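Features as listed in TrEMBL:
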DOMAIN    17-132  domain 'LD-carboxypeptidase N-terminal'
ACT_SITE  Ser112  active site, nucleophile
DOMAIN    180-295  domain 'LD-carboxypeptidase C-terminal'
ACT_SITE  Glu211  active site, charge relay system
ACT_SITE  His280  active site, charge relay system
Amino acid sequence: MKPLFLPQKLLPGDKAALTAPSSPVPAERLKAAVKSVEYLGLEPVVMESCFMSHGYMAGPDKRRAEDINSAFRRKDIKAVFCLRGGFGASRLLPLLDFDMIRENPKIFVGYSDITALHTVFSCLCGFITFHAPMPNTDYTRMDAFSLSRLRELLFEEKTSLTVENPPGEKMRILSPGSCSGLLTGGNLSLTAAALGSPYEIDTKDRILFLEDVDEEPFRLDRYLTALSLAGKLIDCSGVILGTFAGCQGSPEASLTVEEIINEVVLPCGKPVLFNLRAGHIYPQLTLPMGAVAQMDLTGGRPHVTFHTRPPVVY
C-alpha cells in the first residue's frame, strides 16, 4: 500500500483556522473554542462562518465551503480545526477545490459530521487527517488523557503509535485475526449516507473504523447492512468499532449493538475489534485517519499500531 502524506507537525505560535463546516455554535462556545486553540499554544484565525447561522447549519453552503478552501489556500495557516459536528459538511463536497487542497495539505481536526471531509481528504487529496476532539468542547476543561493524545499527534514527531484505551476501558476482540491497511472511516451514519455518491468511502484493503452515538439499534443495523450490501465490509482488511454510547434499545423489542455486529459485521470474515474509545465518548483517542494501521487480534490482548511515517513498505 502507498502511505498517505503526513502534514507538517505544529509548532507553538502557528496559526490555526477555526472553521464551521457543519452546525452553528453560540457565542459562548465560540469563545471557548478560541480559548482552546490558544491553550494549545496556537494563534486562532476565526473564519467568517463561525459567526453565522443558517437554520441548522453555520451559514450558507458557499460561505462554509469557501472558509475551508481559504484556510487551505492561505500559506500562513498551518492547521484547520472544525468547531463542531452536527449537520452540513456533506453539502460542501461539490464546492471544495480538491486540486488546491491536495497541493496544500495541513493538519485537519474534527469528527462526527466531519467524517465527510476526512473521507474525501484521504481518498481524493492523499493526506492524513485527525479524528479528534473539537475546540467547541473546550480543551482547557478536557481530561488529561484526551488532551495528551491530541497533543501527541498534532505536535510531536512520531512515526508510529501503539493504541491504548484509557485505563479500565478494555478493547474486545469479536473476531480474531491480523491485518494491515490505511485507516479509514469515522461516523457510521455519515459513512453510510455517502454510499452511491462520488464521495463514498473506499475500503479496499483498508482498516475500517466506525462509531456512532445515540442511535436506535435498528438504525445501526440499517447503516451496517448498507455498508455490507455495498461491499464495503468484504473489501476492507479489518474492522475497528467504537463504543456506540447511547445506542441500546429496549431489551424486549430490540437487538443489542453486539447482536447486530454478530449478525451483520462478523459474516464478512474479517478481524473485528470492539470498544475503541474514539469519537462520541470521553476520554477520547485521537486517530490519524489515512495512516497505515496494523492490527493483531490473534492473542488474548489486542494490539493496534498506527504508522504515520511507515518504516517499511507494506
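Positions of Cβ are set from backbone N, Cα and C atoms, glycine also.
Cα to Cα, His280 (active site, charge relay system) and the residue listed as 'active site, nucleophile' are separated by 7 Å.
Each residue in the domain 'LD-carboxypeptidase C-terminal' (180-295) gets a DSSP state, and the totals come to 35 helix, 27 strand, 54 coil. Each of the active-site residues Ser112, Glu211, His280 was scored by the number of other CB atoms within 10 A of its CB, and the lowest score belongs to His280. Per-class residue totals from DSSP over the domain 'LD-carboxypeptidase N-terminal' (17-132), listed helix then strand then coil: 55 helix, 23 strand, 38 coil. Cα-Cα distance from Ser112 (active site, nucleophile) to Glu211 (active site, charge relay system): 9 Å (rounded to the nearest whole number).
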